[in-house]
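Chemist: Sharing a structure, written as structure tokens. Questions coming.
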Amino acid sequence: MPALDCYADAETLFLNVRFIVTVESTALPGVLLITPARFGDHRGFFSESWNRQRMVENGVDIDFVQDNHSLSREVGTVRGLHFQSPPHAQAKLVRCGKGSLFDVAVDIRKGSPTFGRWIGEELSFENGKQLLIPAGFLHGFVTREPDTEIIYKCSDYYSPECDGAVRFDDPDIAIDWNMGDVAAVLSDKDTAAPFLKDFDSPFVYEG
């Protein structure tokens with residue numbers, strides 16, 4: 001969402017209006033595209049990236065307990081596809097702090113009518129979009145620009161014993177990363193991740 005540039009004092013205006021946000025459904029139920037408004041003037045813009053009370057009014061009732069911030073130096077850096085299993089499963093709210101990235105969610109809940117399906121959204125500093133990914137979904141992204149920063153909120157604390165991953169290029173999931181001739185830059189952990197067919201998901205669809 002572009003900045004609104006017709007206000008002399010963006011912060012004063014913001015303090016006198018309700019949190020303005022666009023919440024859009026995606027092809028995967030529960031995965032939401034969230035775009036907070038930006039209030040701009042000659043100095044730049046002001047935006048409230050998260051407001052729990054206002055989001056509850058929009059049907060999003062999640063307590064986030066940890067914020068993470070990562071930097072990816074190279075174009076084509078892939079992080080994912082990651083999850084954290086119960087009892088420390090995580091919902092995530094992902095946004096781009098600098099640069100741009102393609103962010104992906106994959107449903108891995110056993111019995112889900114959308115099991116193995118994915119959606120992806122282009123997130124950038126410029127568009128201000130955020131992707132809400134519930135527990136029970138894989139999460140991953142690829143960077144489109146050098147020195148891209150990703151900032152995301154988590155609904156549970158990091159738990160190494162519950163940490164897991166599935167291959168980003170799994171042929172059964174068949175994500176179109178739209179990387180062209182750019183080679184993926186991966187960690188050793190993500191390179192060694194199993195394919196979906198060899199993976200026993202800890203998540204169950206509850207309807």
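Placement of Cβ uses the backbone N, Cα and C atoms for every residue, glycine included.
Those TrEMBL annotations? Automatic predictions, nothing curated.
From TrEMBL, here are the annotated features:
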type     : residues : note
ACT_SITE : H82      : active site, proton acceptor
ACT_SITE : Y152     : active site, proton donor
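Please situate the listed features within the shown structure.
Modeler: In the three-state DSSP reading, H82 (active site, proton acceptor) counts as strand.
DSSP assigns Y152 (active site, proton donor) to a strand segment in the three-state reduction.
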Chemist: To the nearest whole angstrom, state the Cα distance for the pair H82 (active site, proton acceptor) and Y152 (active site, proton donor).
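Modeler: Approximately 13 Å lies between the Cα of H82 (active site, proton acceptor) and that of Y152 (active site, proton donor).
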Chemist: Among all protein chains shown, how many Cβ atoms are found within 10 Å of the Cβ of Y152 (active site, proton donor), not counting that one?
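Modeler: Counting Cβ neighbours of Y152 (active site, proton donor) within 10 Å gives 23.
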